[in-house]
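Per TrEMBL, active site, proton donor is recorded for LYS223. Annotation comment: TrEMBL describes GLY7, PHE8, GLY9, VAL10, ILE11, GLY12 as NADP(+) binding site. What TrEMBL lists as NADPH binding site is LYS124. Taken from TrEMBL, the feature L-homoserine binding site covers GLU208. Here TrEMBL flags 156-327 as domain 'Homoserine dehydrogenase catalytic'.
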Amino acid sequence: MRIILCGFGVIGQSLVKLFDFRSEDLYAKYGLKPRIVGVVDSKGSAVDQSGLEFNKLVEIKKKFGTVKNYANTKNTMSGIDMLKNIEADVLIETTVSNYKDAEPGMTHITTAMKKGLHVISVNKGPLALAFPSLMELATYNQVMLKFSGTVGGGTPILDYAKNSLSGERITAFSGILNGTTNYILSNMSTGLSFDEALKDAKERGYVEADESLDLDGLDAAAKLVILANWIMGMKVTMPDVNCTGIRKVSKEDIKKAAKNNCAIKLIASCNKELVVEPKEVSNDDPLCVNGTLNAITFTSEHSGTQTIIGKGAGGMETASSILRDLLDIRQEIAKT
Ligand code: HSE
């Protein structure tokens with residue numbers, strides 16, 4: 001399977017490492033032989049139609065901070081040019097999520113689909129801003145658009161609701177979809193102020209480069225939009241979410257919640273309306289997880305409620321969700 005990889009940050013590099021150390025069993029068990037024919041990062045690119053070497057890609061990136069130095073002649077081909085000119089089967093889009101215009105991911109994805117490439121995106125921006133039209137474009141071009149890693153990192157939240165609950169009618173769901181704010185709120189419940197908890201989260205590298213994405217609830221809202229479209233069949237985008245972040249949560253709010261045997265959590269919920277807001281959650285509720293964990297409770301018509309808990313971020317975890325999507329695509333292609 002020929003792959004173009006746009007974005008070569010923590011997730012992209014983890015994926016290449018995963019391909020490297022799993023290559024034998026991926027082929028033996030699933031018949032999957034990933035061949036990366038092009039990689040683009042923010043400073044340049046690397047191309048080889050016969051397949052770029054996995055470990056060399058990671059080494060070059062580590063040494064020079066870009067894949068541009070992979071070959072002797074420094075390659076500056078853009079992602080769009082690569083998608084237009086290099087033959088491939090799948091685009092894996094891992095550039096940074098942007099909720100203003102979703103670029104550069106949006107153009108990468110639309111260019112790839114128009115050319116007949118299947119797409120795996122862990123970039124939430126394009127899906128949060130244009131889920132319904134991207135799905136239409138995928139159908140029109142008869143390609144698959146997969147995005148398991150956009151919600152829950154490696155925890156298969158989207159697959160669970162879509163596939164394991166098939167036949168069910170999910171009536172509502174709510175959850176903690178942002179690990180960073182959960183970490184901050186969990187630490188505040190041990191007595192830290194918001195500023196102290198934020199500083200600690202930053203030191204641990206949890207907070208997005210643009211802290212507003214975490215703190216103002218945009219990351220949770222984007223995940224809520226993706227879930228609502230995919231699971232509930234709603235045709236919604238980011239502006240449809242009523243979104244409040246955690247900046248105004250005080251020590252007093254946390255203490256008051258504790259007196260009620262509750263904790264304050266940033267809850268994203270879909271129950272007719274889409275809302276992200278800090279809420280009191282009972283300590284006895286399975287949703288009430290701490291640290292960077294994510295959790296989501298689905299309420300279904302016949303089977304009641306179920307809660308899934310897992311890590312919502314991390315390079316290798318998210319890379320594992322890309323691998324799941326790639327295997328799905330491989331299996332679908334094999335059927336035709
Ligand atoms: N900033 C996100 C979080 C990363 O804290 O959950 C994963 O999308």
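Glycine is no exception: its Cβ is also placed from the backbone N, Cα and C atoms.
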What other residues of the same chain, not counting GLY7, PHE8, GLY9, VAL10, ILE11, GLY12, have a CB atom within 8 A of the CB centroid of the NADP(+) site?
-> GLN13, SER14, LEU15, ASP41, THR94, GLY315
Want to know which binding-site residues, from GLY7, PHE8, GLY9, VAL10, GLU208, are within 10 Å of LYS223 (active site, proton donor) at Cα; which are they?
-> none
Considering the binding-site residues GLY7, GLY9, GLY12, which residue's Cβ sits among the greatest number of other Cβ atoms within 10 Å?
-> GLY12
Tell me, by DSSP, whether PHE8 (NADP(+) binding site) is helix, strand or coil?
-> coil
In the structure shown, which of the recorded positions VAL10, LYS223 has the fewest Cβ neighbours within 10 Å?
-> VAL10
Rounded to an integer, what is the Cα-Cα distance in Å between GLY7 (NADP(+) binding site) and LYS124 (NADPH binding site)?
-> 13
Between PHE8 (NADP(+) binding site) and LYS124 (NADPH binding site), find the distance joining the two CA atoms and give it rounded to the nearest Å.
-> 16
Over the domain 'Homoserine dehydrogenase catalytic' (156-327), what is the model's average pLDDT?
-> 96
Specify the count of other C-beta atoms within 10 Å of the C-beta of PHE8 (NADP(+) binding site).
-> 26
Cβ atoms other than its own within 10 Å of the Cβ of LYS124 (NADPH binding site), all chains, total 27
Ordered by sequence, the long-range same-chain Cβ contacts of ILE11 (NADP(+) binding site) under 8 Å (at least 6 apart) are THR94, VAL122, GLY149, GLY315, THR318, ALA319, ILE322
In the three-state DSSP scheme, LYS124 (NADPH binding site) belongs to helix
Mapped onto three states, the DSSP assignment of the residue listed as 'L-homoserine binding site' reads coil
Within 10 angstroms of the C-beta of GLU208 (L-homoserine binding site), the count of other C-beta atoms across all shown chains comes to 16
